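Below is one structure, written out as structure tokens; the observations come after it.
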Amino acid sequence: MVVSPSTRTIRIGSRKSQLALVQTYWVQEELQKHFPTRQFDVETMSTQGDKILDVALAKIGDKGLFTKELEVAMLDKQVDFAVHSLKDLPTNLPDGLMLGCVTQRVDPADALVVSEKNQDKQLDTLPEGAVIGTSSLRRLAQLRHHFPHLTFKDIRGNVNTRLAKLEAGEYDGIILAVAGLQRLGMSDRIHQVIPAEISLHAVGQGALGIECRTEDPEILEVLKPLEHEETRDRCYAERSFLRELEGGCQVPIGVNTKIENGVLTLTGMVASLDGQRLIKDTVSGLPSEAEALGKELANKVRDAGAGEILSEIFIQVNRQ
Ligand SMILES: NCc1[nH]cc(CCC(=O)O)c1CC(=O)O
């Protein structure tokens, strides 16, 4: 039997968490609509990030923690592409793999979710010493900067696990991405959407990134209908900013982007872990120059003192 190329089954790799599966099945469904005669299968696997739950994320660094196993499977041709939350995808990918598609972003903001007894509180009305759960240095530094009276405590696990820890009374509130809660059908848990003036979001937050083999034009073609140009340009600028600044560990870097009248505006910040120093600046230019804009902004904040903050963090995190 001769198998024509168009009958090749396409295998999609995914993590097993509920959020990862919701995202992957969405991609599968959308592609099935565009290519009704093709077969798309989903293959799930656990990643390091799903297994190591007892070590602070900042310490292990998040380089590829949630992506490595999927990348090995792609390079071994066990799967053809992998669906990631773009914010979990490292800015430098292994040889032979690329970011093949960026989907339309949903709200990239962070949200406060509060425990039963704090339903009448917001970030600025929570009492002195209230315990806020987050494992992200970015959220920690920015919230400490604005609300130094709050206490911050690490929290790990997937979205459901974190919500369970909140319900168990370990925290007064936790910070989660709006996007994740929405995708899991838990928008009702969003108590306060944190404005960009208080906390800039993570690079790529709210978008899906599809990683695939560089040398597989058929897959790249299949992914095209899911690409959202505006999100892609914004995320390329954000990723370029992060790539220029990160030095081998998770760092408190936040961004915000918009495209208006054909102009891409990128705001980025770097903060010290204690929230005392926060360096923030903005650049604008053509969306087609997204990567150059990211570099330009990285140089600006580095010159303004971000370089010093980042090297201090690198030392602190590795000493712990
Ligand atoms: N690091 C975990 C993670 N990776 C992606 C999301 C959901 C948000 C998104 O897709 O950007 C989350 C949960 C969270 O930050 O609350």
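Residue numbers in this text run from 1 along the chain shown.
The backbone N, Cα and C atoms fix where each Cβ goes, glycine too.
Because the structure is a prediction, the values reported are computed rather than measured.
Annotated features, as they stand in TrEMBL:
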type    : residues : note
DOMAIN  : 10-220   : domain 'Porphobilinogen deaminase N-terminal'
DOMAIN  : 234-301  : domain 'Porphobilinogen deaminase C-terminal'
MOD_RES : Cys249   : S-(dipyrrolylmethanemethyl)cysteine
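DSSP labels the residues of the domain 'Porphobilinogen deaminase C-terminal' (234-301) in these numbers: 27 helix, 25 strand, 16 coil.
When pLDDT values are averaged over the domain 'Porphobilinogen deaminase C-terminal' (234-301), the model yields 95.
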